[in-house]
Amino acid sequence: MSSQASPVKVFIRIRPTASFAHELIECPPDQQTLKVRSRKDSNKGKRNNQLSSWVFQLNGVLDNVSQEDTYDRVARSVVLGAFAGYNGTIMCFGQTGAGKTYTMTGAAETYKHRGIIPRALQEVFQEVEHRADHTFSVHLSFLEIYNETMVDLLSSIKKGKSSNSGVLTVIEEPGGGVSVKGLSLHLVHNEEEALNLLFEGEMNRIIGQHALNKHSSRSHCIFTIHIESRSRTLSDAKYITSKLNLVDLAGSERLGKTGSEGQVQMEAMYINKSLSFLEQVILALADSRREHVPFRQSKLTHALKDSLGGNCNTVLVANIYGEAAQIEETLSTLRFATRMKCVQTKPSINEHVDPVLQVRRLEKEIQFLKEELSMCNTLTNRVGVSNEILSERQVEEVRSQVQRYLSGLLDEIPVNTIVCTSILQILKYKLMSRASLTVLQVQGSVGAVGEVESCGYGLGLAKSSQKHQRNTMNINVKLNVFLSSPPPKTEAFEDFKAERGSEINRILKENKAVLSERTTQLRILTDVINTTKRDLDYITYELRQFRERKQGEFVSAEGEPVLEEAELSLVMQLKELKNRYRQAYEDFRSTKTEVSYCQHLVNQCRTRLLTEFERWYNESFLFPGDVLSVLETGPVRPGHIPVDKALTLVSNIQGCQVFTTQPAQLLLTTSPIMFRGRSTGENRVGG
């Protein structure tokens, strides 16, 4: 099981029958190929050029295979993959009476005739017992989709937990999957409890009777096993989850063969409709050029969204009837299976972090660090130093002291371990707000203030004779005198956009506004084109129907045909709609070109803003003054070479080595780009 894209596995299972059509269906020895031939219609003497034989290549053909062998080949790998954190889906598809429910659930007469679901439950709890280094929780849910209405088959059991007692709805999850809101989940501890829930749900299913099947399923059912695994040996907060969807689809029916009437006929119509939507989804998923997949057309396809083309290992079992009378339905099922094999899924491990355990782990780590810091303070004779975080009142007091110290009203600031961090943060803000202090630097220790104590975690006190005088001392300090590290880039970027990069940022915002306006206009034109196209199709259909209903046509004295009033009205409407469609399409093409150009300007402005910020950040916080002096004389700006290479510049020059480098990126020095709107005449500038 890998996280790479993998095709859906497809198996064909043939229902045993005494009148198997060996002359029409052939199973080669490789057990992966099925050859089908159709009978020729000898009643018609016309020539028929349609295909009369087909070869289907699949992952496996199950002919006269027991239930145990079917489970081993189809389901075992998917079930075991769930314990590694991979989602899995096994679904049975085919015509009514082909053996889908027997494959999925089995027969209750004998133990060896159990289907995939009971055997999967047995496999799950056997693995739970064998994996003693993990703790597992297993929940079950049973969903029925009957006539496009979702029903909870386990709702009669009160001990299950449900997020909503009302109508069941399919909701989208943040990770791209789906879940059914209101569907009850039931915790099970052993195989016996799980089988009891399965039998309870099977008793609540809706079944019917027709000519091909006395116990025909009249609904789609999804039996889901939810597994959560946590390690007993590792103390981290990570855990994995997975779910197994075991799907028993209702069979497609031809009313002429089943002879259904009344309620059974209406159920068959809903079943065929949902299966038709399922096939449309499969066609869209198999076509790489399709951008939209119509999952929301039916409750079945929406509930199986992640199973059909998402994070899941999916296996399809296509059940077919081997009799000659069912050869058309067999071909239809095999074509669906072939399309399903072209669908790609992307299974990945569902790993999560428990926030409660993560908080507990971090609290323990903080407590350990506090104890270690307290021990270090004791060894360095720093008794009475507090390591607690400052309150808001204490932060305000420190800020006031820093302000008075910088203004010359305070001679010294008492500092301890925690206050030191607050002072550095406040100094960073104060010094960055002064343009005269952003490019200053101290040479060696000349003009330094205070003496650092020999051991400890705090700053020393400044003597009165060494206090800075604002008007008499020539300040030549850089920001890193007070800060041991440069400010975070996120904070520095906000300051840059507000001051030095304000002009580029303003241009970027204006171009974004124009792009948003053009995008909205493009969306409106798209809706107009689609609406006009639907009206065109409707008027064309009405005109064609009108002409088919006419018994004849009127002609003038010159022998030319004369249109009736109703027909003339339809023709004029059709002409007007065509003109409207052409005009809207021309506007659409023009607006789409403008959107592309606006997007180019936005990307260009964003690139320039980031380039200017990198240069400003390197000059202000990362490069020493001697490196800047060398870079200013050359063609390379500070934002165009890595910091580590630039910092080796001085040592190379002192060693009489020639420093050469190629610019990693040319500075965007082109003239500002003017964008003039097509309809409003407004101007936009991009750098």
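Cβ atoms here come from the backbone N, Cα and C positions, even for glycine.
Going by TrEMBL, these are the annotated features:
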{"type": "DOMAIN", "residues": "7-343", "note": "domain 'Kinesin motor'"}
{"type": "BINDING", "residues": "Gly94, Gln95, Thr96, Gly97, Ala98, Gly99, Lys100, Thr101", "note": "ATP binding site"}
For Ala98 (ATP binding site): intrachain residues, at least 6 apart, with Cβ closer than 8 Å: Arg15, Gly251, Asn319, Ile320, Tyr321, Thr333
Arithmetic mean of per-residue pLDDT over the domain 'Kinesin motor' (7-343): 85
Binding-site residues: Gly94, Gly97, Gly99 - member with fewest neighbouring CB atoms within 10 Å: Gly99
Count of other CB atoms lying within 10 Å of the CB belonging to Gln95 (ATP binding site): 25
Count of other CB atoms lying within 10 Å of the CB belonging to Thr96 (ATP binding site): 26
